[in-house]
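Engineer: Grabbed the feature section from Swiss-Prot, which reads as follows:
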type: TRANSMEM; residues: 5-25; note: transmembrane segment
type: TRANSMEM; residues: 61-81; note: transmembrane segment
type: TRANSMEM; residues: 84-104; note: transmembrane segment
type: ACT_SITE; residues: Asp114; note: active site
type: TRANSMEM; residues: 125-145; note: transmembrane segment
type: ACT_SITE; residues: Asp130; note: active site
Amino acid sequence: MKKRLFVLSLILLVALDQLSKFWIVSHIALGEVKPFIPGIVSLTYLQNNGAAFSILQDQQWFFVVITVLVIGYAIYYLATHPHLNIWKQLALLLIISGGIGNFIDRLRLAYVIDMVHLDFVDFAIFNVADSYLTVGVILLVICLWKEEDYGN
């Protein structure tokens with residue numbers, strides 16, 4: 001992926017995350033639940049003082065430091081490995097985008113706005129940035145696993 005496309009994609013993904021959070025705050029009261037796709041997905045405005053899926057509540061400085069380290073390392077890795085395959089680039093793009101999206105909330109609000117509730121499973125309420133992080137990490141693990149299978 002070319003550097004310009006990567007940066008543009010990063011900006012668009014972070015903007016989508018921030019716009020989704022802005023929309024939730026302006027249309028749904030704190031704690032209110034609104035069906036989005038009945039029986040599948042509801043929207044619920046929550047203020048999360050923890051990490052992804054509400055773990056480690058009230059540890060903001062810990063998350064700021066970890067986020068800066070992870071994003072910094074991902075950018076360093078991209079810069080020093082210019083010939084990564086598209087899947088690793090996509091994984092790192094999602095990880096960086098998700099990290100930045102939640103980092104903006106932590107710095108601006110001292111909490112992260114969560115809103116997506118899966119009605120069909122007992123699971124934590126999460127946000128778009130959490131989704132980026134989850135998919136990015138899963139994709140990166142698959143890439144690394146495949147490399148190991150092929151002896152790279």
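Placed from the backbone N, Cα and C atoms, the Cβ positions cover glycine too.
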Engineer: Taking the transmembrane segment (125-145) as the first stretch and the transmembrane segment (5-25) as the second, find out whether 3 or more Cβ pairs fall under 8 Å, excluding pairs closer than 6 in sequence.
Structural biologist: yes
Engineer: Please identify, from the active-site residues Asp114, Asp130, the residue with the sparsest Cβ neighbourhood, meaning fewest other Cβ atoms within 10 angstroms.
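Structural biologist: Sparsest of the active-site residues Asp114, Asp130 by Cβ contacts within 10 Å: Asp130.
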Engineer: Can you grab the distance from Asp114 (active site) over to Asp130 (active site)? Cα atoms, rounded to a whole Å.
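Structural biologist: Answer for this pair: 9 Å between alpha carbons.
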Engineer: According to DSSP, does Asp114 (active site) sit in a helix, a strand, or coil?
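Structural biologist: DSSP call for Asp114 (active site): strand.
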